[in-house]
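S.K.: Please see the structure below; I have some questions.
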Amino acid sequence: MHVHERLPEPLCVFGTGDFGRSLGQRLQQTAYRVVYGSRRPHSCGPLPQGAQVMSHVAAAQSASVVFVCIHRENYDFLETFAPQLKGKVLVDVSNNPKKNIYPEANAEYLQRLVPGAHVVKAFNTLSAWALQNGPSDASRQVYLCGNSSEAKQAVAQVATKLGLTVLDRGSLAAARELEDFPLELFPEWRLPFRLAISLVAFLFFYLLIRDIIYEYVVNGKDISFRIMVSLANKVFPIASLIMLSLCYLPGIIAAFLQLYRGTKYKRFPDWLDRWMLCRKQLGLIALGFAVLHVLYTLIIPIRYYVRFRIAASTIAKVKNQTTVFDTTVAWRGDSFYSTGILGFGLYLLLGITSLPSVSNALSWREFSFVQSKLGYLTLFLCTLHTYLYGRDKFLFPSTYKWYTPPGYMLSLVVPSVVIVLKLLILLPCVDSRLTRIRRGWERTDQEEDSKESLLT
C-alpha cells in the first residue's frame, strides 16, 4: 500500500531582489514550495535552491497567495494581468522612502489597480537581514491589515509558521500607518533627547561662564584646558541627577492630582500623560550621563593637571609644612564616595531591569519594587552624594561667582523637591487616601462641596 503525501500549495513571490530572495529562502526552510515571478525568468540572478522561476502570469496562476516584493513605482504592470490575479491574496510588503509622498497608501493603490484581488499589507516591518536570521528571532512582530478576514487569516498562518507574532491592525485603511512604522526614527525618544540636549547645552554654557570665563576676566588665568574633562565632569552628573528626578516627578504630580480630584477615573492632562510615557527613556539617558561621569572620574588620576598639583603638594610638604589629619574631612570624603558607588550600582540595576528581556521575566510586584522603591533609594543616594560634595560651600561668598550659584546647587533643586513631596505622600493619612482612590474609591458630592467651601 502506497501512501502519497500531499505536497503543500506553493507560494508565489513577485520580485527577485534582496527581500524577495530572503523571503523565499525563509519560506522554503519552513517546508513551503516557492515559485518566483520575474520579468526575466532565465536571467534573474541567484535564488534559493529548489525554487522555481516563471513569468509573472504563470507564477500567479500556480498559487493563491502572492507576495508582491517590488516597489510602488513598478506596480503598473500588475494591471495588465489583473484577470489572472482575481481572487488571489496579494501581500504588499513595500515601503516608501519618506512619509506622505503619495496621496494614498501603497496597499490601497495596489487594491485599486487590481480590484478583484484581496490585498493584505504585511511583512513591511521586516528587513531582508531579519528574514535570513529569522529562526533565532521568533519573537519578532508582524503587523497586517486588509479588508478580507479570510485573506488576513491565510497570511497570518504563513507568518505564524515562520515563527513570527502577528498583530492585526484592522482594515486596509490602516496601511498608511503600517507603512510609516519603518520610517519612524526613535519616536519615543524625541522629547527625552530634546530635553537632554537642551539641559546639557544650558549647563555647559552656564558653567563655562562661571568657571572658565570668570577666571580669565577676574583673575587673568587661562584654564580653558579644563573644558575637556573638568567641565564635562560637572555637566554630566548634574544632568544625570536632574533627569533621574524628572523620571519620578510626574508620578508625584499625578498622585497629588488624584488626591485633589478624589478619583482616578479622570484623564491626566496631555502634557503629564506624555511626560509619564517617556519616563523610561529619561531614565536611560540619565544612566548614560552617569556612566560618562564615572568614566571621566576614573581618568582624573592620570591627568597632567592633577599629577602636577600632587607633585607640587608633595614638594610643599617636604619643606617642613605639616598638615594635621582631619577625621571630619575623612568621614565626609568616604561618605561622598560610598554614596556615589551605591547610587551608581542601583542606577545600573534600574537600567538592567528596564530591558524587555529582563522586565518580562519579573512579576509586576518585582518590577514595581525595583523601579519604584529602589528607584527612589537611588535618587536619595545620588542626591545625598551631591550634598556631600557641596558640604558647607554655600556658606562662603566666594562660591557665588558673579552672584550665580554653583552647578551642584542647581542639580539639587528638582531632586530635593521630589524627595520632600514623596515623603509627604508616604505619610499614613495621605497614603491611605491615595491607596483608596487607586483602588476605585471616589469622593462623594458632599465631600466635594465641603472641599469647595473650605477653599472659598
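The chain as shown is numbered from 1 upward.
Keep in mind that glycine also has a Cβ here, set from the backbone N, Cα and C atoms.
Annotations for this protein, taken from TrEMBL, read as follows:
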- 11-96: domain 'Pyrroline-5-carboxylate reductase catalytic N-terminal' (DOMAIN)
- 191-209: transmembrane segment (TRANSMEM)
- 235-260: transmembrane segment (TRANSMEM)
- 238-382: domain 'Ferric oxidoreductase' (DOMAIN)
- 281-302: transmembrane segment (TRANSMEM)
- 341-362: transmembrane segment (TRANSMEM)
- 374-390: transmembrane segment (TRANSMEM)
- 410-430: transmembrane segment (TRANSMEM)
S.K.: Are the transmembrane segment (191-209) and the transmembrane segment (281-302) close enough to be called in contact, which here means at least 3 C-beta pairs under 8 A that are separated by 6 or more residues?
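M.R.: Yes; at least 3 Cβ pairs under 8 Å.
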S.K.: When you scan the chain for residues with a C-beta under 8 Å from the transmembrane segment (410-430), skipping those not six or more beyond its ends, what do you find?
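M.R.: Distant Cβ neighbours of the transmembrane segment (410-430) are 203, 206, 237-238, 241-242, 244-246, 248-249, 252, 255-256, 259, 376, 379-380, 382-383, 386-387, 390.
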S.K.: Looking only at residues six or more beyond either end of the transmembrane segment (374-390), which have a C-beta under 8 A from one in the stretch?
M.R.: 237, 240-241, 244-245, 247-248, 332, 335-336, 339-340, 342-343, 346-347, 349-350, 406, 408-409, 411-412, 415-416, 418-419, 422
S.K.: Sort out the residues at least 6 away from either end of the transmembrane segment (281-302), same chain, that have Cβ-Cβ distances under 8 Å to it, and list them.
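M.R.: Non-local partners: 188-189, 191-193, 195-196, 229, 232-233, 236-237, 239-241, 243-244, 246-247, 344, 347-348, 350-351, 354.
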S.K.: Taking a Cβ cut-off under 8 Å, which residues six or more beyond the ends of the transmembrane segment (341-362) line up next to it in the same chain?
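M.R.: Result: 244, 280, 283-284, 286-287, 290, 294, 370-371, 374-375, 377-378, 381-382, 384-385.
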S.K.: For the domain 'Ferric oxidoreductase' (238-382), what are the DSSP-based totals of helix, strand and coil residues?
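M.R.: Grouping H, G, I as helix and E, B as strand yields 120 helix, 0 strand, 25 coil.
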S.K.: Which residue counts does DSSP yield for the domain 'Pyrroline-5-carboxylate reductase catalytic N-terminal' (11-96) in the helix, strand and coil classes, in that order?
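M.R.: Going through the domain 'Pyrroline-5-carboxylate reductase catalytic N-terminal' (11-96) residue by residue, I get 31 helix, 19 strand, 36 coil.
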S.K.: For the domain 'Pyrroline-5-carboxylate reductase catalytic N-terminal' (11-96), would you mind checking the mean pLDDT of the predicted model?
M.R.: 89
